[in-house]
Amino acid sequence: MENQINVGIIGAGAMGLLYAANFADKSKLTLFTHRKEQADLLNQKGISLIDNETTKNIHIHAAQITEEEQLTKQQLLIIAVKQYSLNEIIPILQKLPTKIPILFIQNGAGHLERLSELGTTRTILLGISEHGAGREDDTTVIWRGHGRTKYSIFQGELNDDLKELLTSSPAFPIEKHANYQAIIQEKLFINAVINPLTAVLGVQNGKLLENQEWHRLLIRVVNEVETVLPIENALEKVETICRTTALNFSSMALDCMNERMTEIDGIVLPILEKGDKTETSLPTLRTLYQIIKGLEGERHV
């Protein structure tokens, strides 16, 4: 395809690798990594995308995040790092030309309070990913669950080429929504229930429905979160995700198992703070938060 758009993806974890693999054929793609060794490996080997029983190798161009000249060439940047890595990424984005639109696809809502640091003249898109993915190594990603990417314009506007690029394809559906708060709140709600429960229990998502006591606990957390973050058919939506991703471990469960820092402050803390403002008690959710923060403290992550 001629005149392909320069798309940069920042972050080469599970989501970054998955999005790079899917954008590689419809854009001139650069995947920006934290470590030079990973960029070198990706340039040599490409991305191995494992989907069910098939493995596909996709050749891509990778560069280290410190290569500012490469960043300034991009016509769209997709930010695929975890919430806690934004402290490192925001200062880099601040230096870039304001004409480059930025799409955030973080879990949680912690990143929303950072957007003002990018000014008011830049086009900013807020998105969520329904895909499940797991990174096996620096160049291999397993596509654990197919879903959609939903995005909304927070500020600014997109040109026609970018609108076309962000149009749905059957293999990798993308949907534009009018209200960014609605799509982020729904994903935040689901993550705030499933992630901490599976992380504390160390189980796959489906176990929250199979085990009667854990299912009661799930219902209790749903009822608590609903008091400060109401969404339609909340329990049904949470249970549907547990069912469709039954064999998957949530990202937070995997982080705890691998003794990594979690996104608990980006996912659960905003809900607890909302509860504090309205003097609403969220005892079960707060307990889950304290357990996970305590585990992080024990591991010094």
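Cβ coordinates are placed from backbone N, Cα and C, and glycine is handled just like the others.
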Subject >> Listed co-binder of NADP(+) (same site as Gly11, Ala12, Gly13, Ala14, Met15, Gly16, Asn107, Glu263, source Swiss-Prot) among Ala39, Ala133, Ala246 >> reply: Ala133
Original post:
Since Swiss-Prot lists Asn107, Asn191, Asn195, Asn205 for substrate, which candidate among Ser27, Ser48, Ser251, Ser281 does it give for that site as well?
Top reply: Ser251
Original post:
What same-chain residues, at least 6 away in sequence, bring their CB to under 8 Å of the CB of Ser251 (substrate binding site)?
Top reply: Ala14, Asn107, Asn195, Glu263
Original post:
If you count Cβ atoms within 10 Å of each one, which of the binding-site residues Gly11, Gly13 comes out on top?
Top reply: Gly11
Original post:
Which of the three DSSP-derived classes (helix, strand, coil) applies to Gly11 (NADP(+) binding site)?
Top reply: coil
Original post:
What is the separation, in Å, between the Cα atoms of Gly11 (NADP(+) binding site) and Lys187 (active site, proton donor)?
Top reply: 20
Subject >> Sorted by sequence, non-Asn107, Asn191, Asn195, Asn205, Ser251 residues with Cβ within 8 Å of centre, substrate >> reply: Ile190, Ile194, Thr198, Ser250, Met252, Ala253, Glu263, Ile267
